[in-house]
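K.L.:
Have a look at this one before I ask anything.
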């Protein structure tokens with residue numbers, strides 16, 4: 001019995017098929033879409049890669065996108081996704097095939113039209129997701145060489161978020177929301193304390209990571225121990241940073257729709273006070 005039954009070729013190298021368990025799968029292989037027609041049987045030996053798009057909307061979107069893409073470009077995007085797989089050694093969320101393909105098409109289209117690609121969260125992304133950023137940088141370099149284009153550094157940050165989403169099975173919308181939140185909070189800190197933090201400095205890296213881990217704990221519902229005596233001391237000794245800390249925690253609470261705890265405000269106060277003293 002054959003491994004797959006062709007449902008619909010999308011281009012010369014990609015087709016939609018059905019496996020022995022009646023699952024709809026995407027098959028990728030050199031010439032596979034050209035050599036096999038609807039209802040043909042395809043043996044596994046002809047398949048270089050396969051993935052399942054269980055979400056119907058994702059299936060429909062991929063079926064719509066692929067036939068419109070130059071086959072050479074699509075192959076380079078598939079190669080880029082394979083780079084993520086090899087570098088991370090993780091099973092990727094299959095939605096990356098749709099999300100990253102769609103994003104790269106959009107980015108390349110903007111580039112061809114001379115439209116600027118600006119990433120206001122680039123420095124935060126590099127700090128938050130160092131491995132993903134490194135992989136994304138290699139993807140941008142690979143695409144620039146293979147396609148003879150010049151995707152800017154800002155694109156590395158956007159692709160890094162897709163890499164993180166694929167590896168850790170997180171929604172790209174949530175990742176974007178957290179990145180925007182971190183940037184917003186840092187801007188408020190600089191405004192309220194009348195300081196400008198060096199984006200290349202260790203203090204900035206520590207602050208970004210502190211806020212990121214705070215967000216992660218709150219999202220996961222993790223409660224840290226509440227140091228009551230320290231809270232009262234900080235409130236008295238460092239009112240500016242204590243009040244700012246609570247202002248930031250309230251913004252986090254409103255954004256995440258999650259409860260926040262005094263212990264988090266206390267630890268953030270101590271971090272802000274050290275920062276304030278350095279730049280004062």
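Cβ atoms are placed via backbone N, Cα and C, with glycine included.
TrEMBL entries are annotated by machine, without manual review.
Quick paste of what TrEMBL says about this protein:
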| type | residues | note |
| --- | --- | --- |
| DOMAIN | 68-173 | domain 'PRD' |
| DOMAIN | 174-280 | domain 'PRD' |
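Map these features onto the structure and tell me what's around them.
P.N.:
Counting residues of the domain 'PRD' (68-173) by DSSP class, helix then strand then coil, yields 79 helix, 0 strand, 27 coil.
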K.L.:
Going by DSSP assignments with H, G and I as helix and E and B as strand, what are the residue counts for the domain 'PRD' (174-280)?
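P.N.:
Computed counts for the domain 'PRD' (174-280) are 85 helix, 0 strand, 22 coil.
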